[in-house]
Structures are given as C-alpha cells and as structure tokens.
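Annotations for this protein, taken from Swiss-Prot, read as follows:
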- D15, D20, D21, S22, Y76, S157, D210, N215, S269, R270, R277, N278, A279: S-adenosyl-L-methionine binding site (BINDING)
Amino acid sequence: MSDSYSRPIIAFMSDLGTTDDSVAQCKGLMMSICQDVTVVDVCHSMEPWNVEEGARYIVDLPRFFPEGTVFATTTYPATGTTARSVAVRIKYPAKGGARGQWAGSGEGFERSEGSYIYIAPNNGLLTTVLQEHGYTEAYEVSSTDVVPARPEPTFYSREMVAIPSAHLAAGYPLEKVGRKLQDSEIVRFTPPQATVSPEGDLSGVVTAIDHPFGNIWTSIHRDNLESAGVGYGTNLKIVLDDVFPFELPLSPTFADAGEVGDPVVYVNSRGYLSLARNAASLAYPYNLKEGMSVRVTRS
C-alpha cells in the first residue's frame with residue numbers, strides 16, 4: 001500500500017462500554033478537533049482494567065487499516081493521578097493470521113515502515129504491539145497543545161487518549177506531544193509464553209475464550225508449530241490442565257471437524273493454536289477457562 005487514506009482515521013478501543021455516553025463524548029471531541037476524521041470503533045466491551053485483554057484486541061490492527069491511522073487505545077485505572085499516556089510510532093507492521101500474510105484481496109496490502117501511531121496509557125497496554133511491530137520513537141503525552149491543562153480527573157481515557165489522538169490525526173507532530181521516552185520507561189507486562197521441547201512437544205496456556213463462540217485460544221503460535229514440525233494434517237494429542245484430552249489432526253477450519261458439535265484443533269485468525277467444536281461451544285459446557293495449561297504432543 002503506497003498511499004495513506006485520503007481522510008484521517010482514528011481506530012478507537014476502550015473499556016468504556018456502550019451503555020452510556022462516554023464513548024460518544026470521546027468521539028465528539030475527536031470530530032471537533034479533527035473535523036474530517038473517520039472514527040472506527042474497534043471494541044468498547046473489553047473487561048474493565050484488563051490490560052492483557054486490551055492488548056490482544058489492538059496488536060493485529062495495522063494490517064487491516066490504511067497507512068496513517070492513529071490507534072487510540074485505552075483502559076485507564078490510573079485516571080486522576082500523575083500518570084500520562086504514551087504515543088509511539090511503530091516500526092514495521094507485522095504480517096499475521098493463520099498463514100502469516102498481509103490482509104486484503106489477492107496477496108493483500110503490504111504496509112510501509114513508520115506508517116502508524118498508537119496512543120495509550122503507559123500501563124502495559126502496548127506490550128504486544130511493541131513486541132510484534134517494534135517502534136521507532138515514543139513520547140510521553142503531556143503538552144497542553146494536545147491535552148487539557150486541567151484534565152478531568154475521573155476520565156483520563158477521554159482527556160489523555162481521545163483528545164490527543166485527534167490532534168495527532170489532524171497532523172500535530174508526534175515529536176511535540178511531550179518528552180521522548182527511553183525504552184525502559186515504557187511499561188510492559190510479560191505475555192503468556194509457549195515452549196517447544198527438543199522432542200517437538202509444545203506447552204503453553206489458554207489465553208482467551210473466544211466469546212461468544214466458546215472457542216479456546218492458546219499461547220502456542222504458528223511459529224512454535226512450525227518449529228515442532230507440526231502442519232495441517234498432523235495428528236496431535238492436546239491436554240488441558242492434565243484433565244481434558246483431545247486427539248485430533250490439525251485442521252484449517254471448523255467444518256473439517258465433521259458433524260455439528262465435533263471437536264476441531266486449528267490455527268485461529270490471529271495465528272495461535274486453538275480448540276473448538278463445529279458450530280458449538282467448547283468452553284462453556286466444560287467450564288474451560290483462561291490460564292489452564294496446554295500440552296501438545298504428536299499422537
């Protein structure tokens with residue numbers, strides 16, 4: 001993709017919900033500051049204050065959005081404190097999905113280096129973004145050109161993320177939003193890991209339940225599968241928490257399971273090993289949850 005979209009875009013992700021006017025206030029200010037902006041709602045129903053969940057929803061976005069998009073992403077438990085947001089320009093958008101490719105028709109739309117900005121609380125929300133895409137520059141968001149001189153203390157998602165994101169979308173220089181941050185100043189959490197043994201056995205954890213479908217997502221990435229010599233058609237034994245065993249071939253999609261309700265193991269659209277039932281929930285009937293251990297061997 002060689003050109004930015006002709007209008008500014010803000011992709012907005014928050015934990016604000018949609019049962020009141022909070023999101024509308026943020027979007028109204030975005031459109032007041034950058035009057036020709038297109039605001040895309042990514043998600044506003046994540047679990048409040050769950051930084052790791054929020055990180056999962058924002059890491060894949062660059063390969064779906066036009067170059068020049070500003071990603072305004074927020075869950076702000078430190079609202080009202082001296083905490084400030086961080087704005088980063090990512091280095092090079094990573095390919096993704098089950099097949100490690102660009103999104104779009106044909107071969108998809110390749111992205112350019114340095115073509116996206118994220119703004120978020122400096123609380124770890126950008127951990128996986130920085131891990132997957134890298135970054136070229138990062139700044140504390142503190143200039144009163146882009147944030148209120150006296151921010152509303154109970155609504156930093158609006159004051160410290162939504163408002164400055166609109167200024168950035170309108171062309172305000174990233175390097176002027178505040179002081180440049182050292183890498184050590186950017187807060188990160190430790191993402192769930194996966195390991196591959198010399199024998200090709202894999203281990204990880206359940207990272208998410210894919211609501212509302214009840215599919216099980218794990219921390220085992222397609223790269224881990226390739227390292228273990230696992231591909232589509234490989235017969236696998238998968239054990240969750242040493243209790244729930246499954247013996248299935250790795251399949252490209254749900255319909256390969258056969259009948260409705262039959263189990264299937266696949267690589268999800270984010271590139272991670274997952275378990276499901278064809279057109280039925282796996283997690284809810286069996287009370288499967290995030291954090292359960294996952295062990296994978298060839299059967």
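Keep in mind that glycine also has a Cβ here, set from the backbone N, Cα and C atoms.
Help me picture where these features are in the structure shown.
The Cβ of D15 (S-adenosyl-L-methionine binding site) lies under 8 Å from the Cβ of H44, M46, E47, P48, W49, N50, G54, T74, T75, S157, each of which sits 6+ residues away along the same chain.
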Would you count the other CB atoms within 10 A of the CB of D21 (S-adenosyl-L-methionine binding site), including those on all shown protein chains?
10
Let me check the 10 A CB neighbour count of D210 (S-adenosyl-L-methionine binding site). How many other CB atoms are there?
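Other Cβ atoms within 10 Å of D210 (S-adenosyl-L-methionine binding site): 18.
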What are the sequence-distant neighbours of Y76 (S-adenosyl-L-methionine binding site), meaning same chain, six or more residues apart, C-beta distance under 8 angstroms?
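Once residues fewer than 6 apart are set aside, Y76 (S-adenosyl-L-methionine binding site) is near A83, P121, N123, Y156, S157, M160, V161.
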Given that the record lists D15, D20, D21, S22, Y76, S157, D210, N215, S269, R270, R277, N278, A279 as binding S-adenosyl-L-methionine, what is the largest C-alpha to C-alpha distance among them, in Å?
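That value is 39 Å for the farthest Cα pair.
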